[in-house]
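For reference, the structure is listed below as structure tokens.
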Amino acid sequence: MGNTTSCCVSSSPKLRRNAHSRLESYRPDTDLSREDTGCNLQHISDRENIDDLNMEFNPSDHPRASTIFLSKSQTDVREKRKSLFINHHPPGQIARKYSSCSTIFLDDSTVSQPNLKYTIKCVALAIYYHIKNRDPDGRMLLDIFDENLHPLSKSEVPPDYDKHNPEQKQIYRFVRTLFSAAQLTAECAIVTLVYLERLLTYAEIDICPANWKRIVLGAILLASKVWDDQAVWNVDYCQILKDITVEDMNELERQFLELLQFNINVPSSVYAKYYFDLRSLAEANNLSFPLEPLSRERAHKLEAISRLCEDKYKDLRRSARKRSASADNLTLPRWSPAIIS
């Protein structure tokens, strides 16, 4: 092979641009020398440094980068608060429950065991803001996610399928159907959102009315295989979505992985950030988690869990503690004199 160019190129996802995206015509520059052309290849270490630099600004990889869905929802949240202030309406229609000395209200959602129903609602709301507040100029589209080219049902796709934004309830019903049929957990929903934002960042695409279902389906498919111990097979999704083929599911999964650059790792810090940002999104949109008064049984359970964690922490500190020897018990190796003739 050497410096020669190989004719064997791996198949990549087909790109399609909308009316807003135009490609400039390619004009070859005859003044370029041989060193400035393809023979001057970039070293792999340089590419790794660039990837590390970009990763710091990618919310799905770096815990300090703010999530995309939360930033996209800020405009709508400010408009809602402004309209409520102008119309002199209270900020929330649902009366909030506040804890007192005698009663403590807690929800049953934790970072390790989130509430399934409300987590799916929050993820659907995050996807809704992604679609609603997408780039107005339009970005690159991929054929594998186009519902007109790869329909999920045999019913005819309407001609204006890419014009109308889906409602939050429609997104919620689609995600809930997949999670209920496949018996997926709430943690899988959070990982689904991580993969979705990672896809939008890596592939530099937008989620829109034409592709949101297949993007969400691909993210759920991948998250269920990575997160759950008993992964759902592609043929199982074909039984849920009756009109889709196994070959289409396999191709969707393959191209989704390629666009993610096979980066399916989700650090615990990134997972926790997405969980708490989803809670912030729910609070800003009056989508509060169900609160229940703290009962005696639940208090004993929380106390037992805290004691267990405290005992584990003490054991770790005890095992990590270094032991020092005193001068009384200190023994040094003795060397016997050697005679060199």
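Cβ from N, Cα, C; glycine included.
Per Swiss-Prot, the phosphothreonine annotation among the candidates THR30, THR110 falls on THR30. For the residues SER60, SER112, SER319, SER324, the entry in Swiss-Prot flags phosphoserine at a single position: SER324.
SER83 is the residue among SER6, SER83, SER109 that Swiss-Prot describes as phosphoserine.
Looking up SER11, SER73, SER306 in Swiss-Prot, the residue bearing an annotation of phosphoserine is SER73.
Look at SER280 (phosphoserine): DSSP puts it in a helix. For the modified residues THR67, THR75, the greatest number of Cβ atoms within 10 Å around a candidate Cβ is found at THR67. THR75 (phosphothreonine) sits 14 Å from SER280 (phosphoserine), taking the Cα positions as reference. Long-range Cβ neighbours of SER73 (phosphoserine) (same chain, at least 6 residues apart, Cβ-Cβ under 8 Å): LEU125, ALA126, TYR129, ASN133, LEU281, ALA284, ASN285. Taking H, G and I as helix, E and B as strand and the rest as coil, DSSP gives the domain 'Cyclin N-terminal' (143-265) the counts 73 helix, 1 strand, 49 coil. The Cβ of SER280 (phosphoserine) lies under 8 Å from the Cβ of LEU70, each on the same chain and at least six residues away in sequence.
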